[in-house]
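To keep things clear, I will list the structure first and then write my remarks on it.
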Amino acid sequence: MHHFEYKNGDLHAEDVRVGDLAREYGTPLYVYSAATLRRHFQAFDSAFSELDRLTCYSVKANSNLSVLRLLAAEGAGMDIVSGGELHRAMKAGVDPAKIVYSGVGKRAHEIREALEAGILMFNVESTGELDLINEVAISMGKVAKISLRINPDVDPKTHPYISTGMKKNKFGLDMVSSLKTYERARDMEGIEPVGIDCHIGSQLTTIEPFLEALDKVLVFYEKLGNMGIDIKFLDLGGGLGITYDEEEPPHPKEFGAALTAKLKGLPLKLILEPGRVIAGNAGILVTEVVYTKTTPSKHFVITDAAMNDLVRPSLYGAFHRIVEVKESGRATRDADVVGPICESGDFLARDRELPDVQPGEYLACLSAGAYGFTMSSNYNSRPRACELVVDGNTVVVARRRETYEDLTHLEEE
Ligand SMILES: *Cc1c(COP(=O)(O)O)cnc(C)c1O
């Protein structure tokens, strides 16, 4: 059952015509399907039902409060990477005992805020960070539970910008120094090492790199046991990929079965941090064709959505399927779909076979629910898009469209 489907030639978000939403709320417009978010979360979480587990949705994929609230109501914990994301998670009513905090550059005030909130644990990425957490915790009379983020040196075979578990990446600690760091952590007054963490990258389309990393982590887990460090949590991060184009990532069920086979019977609580696989295909970006233009070498479809709304094509050369909101049945032609921003890198698609769309018509950029709005900006002084959550035939404005006033209200006039 898919929740973005054509009925009588009209693209629907659940029970609502996307064209009606575009007319009512304007474009560019993000539309998320609540049923899809729920289904994705449950499919992922239930794949690990044989294990003691906590599924912590990765907030950075889509951090809208409505999305966080919906997932929290499904039982999700959250993986955060900043004080701002902590603020969002708390505002959305997430149980702090289900929050893990990752990221390489945590500031002292962010650490304090997280300790005040009472989060489950920090995923620590450097010795400097460990020292700072210890210091802050002592000053507050608290003990911070931590995992060290291990860099297992595994190639996840994904885009270099979203590979994180290779030796050359900035993330985590190598396995040799990690052993010493756990030893230090064990003896720190403000620190209790309770877990091992690892996140090797995003948009992985095979299970093998996960298993390779897990094998290394399990060897490491044994070593820590021999050192008398009592590890209770194993955090394997996020990273499961989705279908944007022709990718065939493993179903969460398959992923769950593979991990379960290796972890069953171990006295560990598994933490997972899925982001993209929950939100990616639960959202679309709707845009209006403003102009078309044919030059001697290309046909351009100029839309009102741009790289500031959805940067993935420009940043990673990422593919997003683009479809008509109302099927026209027109013959296709090769086109570049580009935005109004003054950069040649501003495109949503290049050399794409599309029906011969005309100004005033709507297009939908699919698979835009993760790393879409959260990566958007005001570049070229473009107000950020409106976000809607559709649930059956109910429509909620999850974030109103920014106004010109929103663009300047923090500035000296
Ligand atoms: C980004 C990130 C995730 C989520 O990755 P997805 O590919 O969206 O599942 C999980 N954990 C950490 C530490 C991350 O940085």
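Residue numbering: from 1, along the chain as shown.
Cβ from N, Cα, C; glycine included.
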Since TrEMBL lists E273, P274, G275, R276, Y371 for pyridoxal 5'-phosphate, which candidate among G239, G317, G339 does it give for that site as well?
G239
DSSP on G239 (pyridoxal 5'-phosphate binding site), three-state: which is it?
coil
Write out the long-range same-chain contacts of E273 (pyridoxal 5'-phosphate binding site), meaning residues 6 or more apart in sequence whose Cβ is under 8 Å from its Cβ.
C56, Y57, S58, D79, V100, S102, H199, D235, L236, G237, G238
Going by Cα-Cα distance, pick out whichever of the binding-site residues G239, P274, R276 is nearest to C342 (active site, proton donor).
R276
Could you tell me which three-state DSSP class Y371 (pyridoxal 5'-phosphate binding site) falls into?
coil
